[in-house]
Amino acid sequence: LPPLDGYKCLNTGILERLNAGEIVIGDGGFVLALEKRGYVKAGPWTPEATVTHPEAGAQIVGVNCHFDPLTCVKAVKMMKEGVEKAGLKAHYMVQPLAYHTPDCNCQGFIDLPEFPFALEPRILTRWDMHQYAREAYNAGIHYIGGCCGYEPYHIRAVSEELAPERGFLPAASEKHGLWGAGLEMHTKPWVRARSRREYWENIRPASGRPKCPSLSTPESWGVTKGHSDLLQHKEATSTQEMKHVLEKQKKVKTSA
Ligand SMILES: [Zn+2]
């Protein structure tokens, strides 16, 4: 496959690109990446929109954030079924987390005890990303991206998985060999033996944290948008308010 240099993006608009049959890869990682870099304190979270009513005329339908890739692909598949059942047509988009969230409740990763600053053990490997890209493509999704947790190597893995369909390899692909091919040069023979797709496709990575559970219990406050507990604060939480929050949390935990 040719490297990225051989590729020219003639259409700049997202709809033009999707209408032309292009598979678009989103670059992801926005909110948490900015937060990690110290740009986001509280409040100005990127507005998120999930289009659930195709009859409203949406040309692109999909989900963004809060759940892991395979959960999001599953959700978009259901939306696609709904759109098609209504006799409508749309493009499909998915921008999931780069974290595994099999233990989430319906509100997604914000209810996990690790949110937002201890999520790293849940991060997807590049090989998980290959699987995600393939599943999304097979589901008929042509805008395949990422939200919180995505790093450049994740997006590169998504692009590499879909290189045969897109006709070119992504930027920075030349820095490594596909499926660990560069390990052929490794000094240790047992590592050299890992320079193949089959090895990485079947790996079940250990977390290396013997005292940690593999799944967490999400918080379940049972409140959602519009509830007085969810108001955006203009000032930092006062000591009195924090006391109230901690008491409430204790109650939620004991009733769970
Ligand atoms: Zn996000």
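Cβ coordinates come from backbone N, Cα and C, glycine included.
All annotation found in TrEMBL is predicted automatically rather than curated by experts.
Some features that TrEMBL has for this protein:
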type	residues	note
DOMAIN	1-162	domain 'Hcy-binding'
BINDING	Cys65, Cys147, Cys148	Zn(2+) binding site
REGION	207-256	region 'Disordered'
COMPBIAS	226-249	compositional bias 'Basic and acidic residues'
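Positions of the features from TrEMBL, shown on the structure.
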| residue | record | Cβ neighbours (10 Å) |
| --- | --- | --- |
| Cys65 | Zn(2+) binding site | 23 |
| Cys147 | Zn(2+) binding site | 26 |
| Cys148 | Zn(2+) binding site | 25 |
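Look at the compositional bias 'Basic and acidic residues' (226-249): DSSP puts its residues at 14 helix, 0 strand, 10 coil.
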